[in-house]
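Chemist: Dropping the structure in here first, questions after.
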Amino acid sequence: MEELILGVVQGLTEFLPISSSGHLAIFTAIFNATPDVGYFAFLHLATFLAVLIFVKSEVFEIVNGISKKDKEYINLASKLVLSTIPAVIVGLCFGDFIESVFSSTFLIGVFLSITGILMLLSDKLNKNLKTIKSIPYLDALIVGIFQAFSVLPGISRSGTTLFAALFLGMKKEDAVKYSFLMSLPVTFGAGILELQKVAFSTEQIFGFFISFLTGLLGLYLVKKMVIGGKLKIFGYYCVLASFFVLMFL
């Protein structure tokens, strides 16, 4: 039953800017269980499939553009690769430390409050100047650096990347697309690296499919909320969740 609940939690919170890793760690603490980082990573593969389906048209355009040697799409692909490098470096170099943070509900509570503040600020950012094709390489790197911090439970990957993209002047819909596209190699890599630690029980496999389905729901919801300027709702939620974690866990 725990695996199924964690599958729902992962699917819904992976793309909502409220930190899936933080919520997985919180629910693990509520269940009084040892954090299973391997299973958490396995669930990332489920949400990887969900986002791949959600942005399939954009992925096809990029692949097709690269095959035709279209400079515009080659540059976009290069920027996406650049955006993933900081998270890869942090994940490989500080993996043991990151795993230890999953057991610290205090740090998770603090990081959730940071995510909440970023979301409250995001709704005030509305420059709407740049598209995913027009952002400079420096912007791509900055968004990638923000993503690197999201390896910490409580820091939302979608939240930090959306905040960074909007702060740098990207259009809302393009910020959502870029955030989802740059999540593909990170979530896939996280899942593959820890795959050998997964027991592949019936409950875990079912949790995988539940995470996939709820991930699709989360994707549609966050796109609607970002475009509608309602990220502050997630901000208030994260602040309240932070208070709960710090006071009761």
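Placed from the backbone N, Cα and C atoms, the Cβ positions cover glycine too.
Okay, so Swiss-Prot annotates it like this:
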| type | residues | note |
| --- | --- | --- |
| TRANSMEM | 11-31 | transmembrane segment |
| TRANSMEM | 35-55 | transmembrane segment |
| TRANSMEM | 80-100 | transmembrane segment |
| TRANSMEM | 101-121 | transmembrane segment |
| TRANSMEM | 135-155 | transmembrane segment |
| TRANSMEM | 180-200 | transmembrane segment |
| TRANSMEM | 202-222 | transmembrane segment |
| TRANSMEM | 226-246 | transmembrane segment |
Chemist: What same-chain residues lie close to the transmembrane segment (226-246): Cβ under 8 Å, and 6 or more beyond its ends?
Modeler: 16-19, 26, 105-106, 108-110, 112-113, 115-123, 126, 154, 156, 159, 162, 172-173, 175-176
Chemist: Do we see three or more Cβ pairs under 8 Å linking the transmembrane segment (80-100) and the transmembrane segment (11-31), pairs being at least 6 apart in sequence?
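Modeler: As far as Cβ distances go (cut-off 8 Å, pairs 6 or more apart), the transmembrane segment (80-100) and the transmembrane segment (11-31) do not touch.
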Chemist: For the transmembrane segment (11-31), I need the partner stretch with the highest count of C-beta pairs below 8 angstroms, choosing only from 135-155, 180-200, 202-222.
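Modeler: Ranking 135-155, 180-200, 202-222 by Cβ pairs under 8 Å to the transmembrane segment (11-31) puts 202-222 first.
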